[in-house]
Amino acid sequence: MSDPTQPRSPTPGDDWPAPDLPRGRTFPAQLLLAADLLERITEQGLPADRSLQRELAARRKMGRRDRERVRELTLFVLRQRQVLDWLLDDSAASMAARVAAALSLADALDPVLAEVAGLTPEAAASLARRRAGRFASLPWTVRFNLDPAAAAQWQAWQPDAPETLARALDARAPVDLHANPRHGDRDALIDELAGAEIEARGIAGLPLGVRLERPARLTRLPAFEAGGFEVQDAGSQWVVRALQAQPGERVLDLCAGAGGKSLGLLDEARGQLRLTACDLHPERLDRLRTRTQRHGDTTLELRALDATQALPADLAGFDRVLIDAPCSGSGTWRRHPELRGAAIDWDGLAETQCQLLERGSQATRPGGRLVYATCSLWPAENEAIVEAFLARHPSWTATRPTLEGLPDDAVTPDGWVRLRPDRHGCDGFFIACLQAPGDRPTA
Ligand SMILES: C[S@@+](CC[C@H](N)C(=O)[O-])C[C@H]1O[C@@H](n2cnc3c(N)ncnc32)[C@H](O)[C@@H]1O
């Protein structure tokens with residue numbers, strides 16, 4: 001089977017993307033199940049990966065290959081929706097028709113499946129005709145699977161090597177972990193994984209980062225139960241490192257969510273931080289509480305609050321503040337293809353991002369470091385927010401991060417970190433390191 005983390009190399013006359021289906025036939029029941037799951041995921045705004053895991057695990061009588069087939073078809077439709085709608089010549093195609101079009105790209109669509117999907121013989125013939133054309137001749141917004149809002153953002157950014165970026169965003173993401181050094185070093189974790197027949201290797205530049213060669217069941221491993229590692233994309237690990245928190249410092253994670261980066265910060269500093277983790281949603285902090293218990297961190301302070309509002313008086317004077325802002329998540333499309341079509345209130349989101357940066361700056365001590373990060377590719381959520389902040393606060397400065405192992409091409413001429421899946425093998429991230437005015441700058 002081909003490596004799904006690598007873009008498919010085009011062959012003359014057949015450069016279309018195609019789902020990577022397991023051997024064997026696709027049956028109508030699988031097509032209909034994928035269509036049903038797609039409807040629920042898109043209508044209810046559910047996370048695709050978790051929904052698939054739950055739904056497929058509940059179907060105990062289904063064979064392994066059939067589950068894989070439904071999973072692959074579902075994710076492929078979410079990733080390639082514009083391409084499939086173009087093939088169907090219908091921007092309001094049914095999910096069943098989209099699954100049928102996905103099957104046609106894998107040369108696995110037969111007349112029975114086409115009929116089950118609701119395609120008339122004429123529509124099936126038109127699909128076959130369109131599929132016989134060249135992929136490269138499609139409009140770029142279709143080839144890159146961008147809906148109109150995403151296409152506008154893409155154009156505002158104008159990334160270089162757009163084709164390779166688009167391909168990387170369509171691919172499957174690897175599974176990354178960060179080791180908890182209080183349980184042993186990274187090599188010990190890699191050895192332990194090898195003992196469970198899970199192939200893994202260290203991630204270049206990230207001393208705690210581990211990448212699995214293929215997905216594996218991790219939650220049953222003794223190392224997981226013991227808090228020996230957390231699943232975390234390499235891009236998130238770079239956000240943690242950008243803060244450069246030193247043992248003994250007071251650190252504020254203002255948008256901690258379920259705490260992936262909070263735990264990373266604690267690991268980087270061997271637990272020696274006075275860390276306060278906040279989030280608007282108390283249930284996310286509950287998940288962080290459970291994780292910290294497994295992880296062995298008892299000193300973490302958790303605060304549910306709206307960080308766009310004035311912060312409580314004791315949340316001030318922090319050495320380092322992290323704002324891992326809510327965003328469109330466009331950098332994570334590999335893991336969350338359902339976000340490609342999500343409706344976004346762009347103005348409301350930008351206002352929240354500006355306010356969070358404002359509140360975060362007020363909580364930073366003179367000379368302290370503030371890191372603003374998103375997992376978005378779009379300048380409107382990144383450079384625009386930070387540059388507007390610096391224009392309002394000219395005494396603050398942007399600092400160019402000096403992080404050992406960070407690839408040179410990840411730092412822009414302005415000093416922002418921009419990570420891309422095609423260049424750095426991780427989710428797309430934007431990281432800005434800002435220094436508060438003051439005569440006691442952080443190291
Ligand atoms: C990108 S996620 C954070 C992910 C998290 N840091 C991690 O590493 O797992 C953004 C978080 O911001 C939180 N958030 C959104 N609006 C907020 C607000 N007004 N105040 C505080 N948190 C907010 C969301 O609940 C969400 O958990």
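For all residues, glycine too, the Cβ spot is worked out from N, Cα and C.
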Residue in Asp267, Asp279, Asp347 which TrEMBL records at the S-adenosyl-L-methionine site where Asp306, Asp324 also bind: Asp279
Reported mean pLDDT - the domain 'SAM-dependent MTase RsmB/NOP-type' (165-437): 95
Neighbour-count leader, CB within 10 A, binding-site residues: Asp306, Asp324: Asp324
Largest inter-residue Cα distance among Asp279, Asp306, Asp324 [record-listed S-adenosyl-L-methionine binders, Å]: 14
Chain-internal residues, separated by at least six, CB under 8 A from Asp279 (S-adenosyl-L-methionine binding site): Cys255, Ala256, Gly257, Leu285, Leu288, Ala304, Leu305
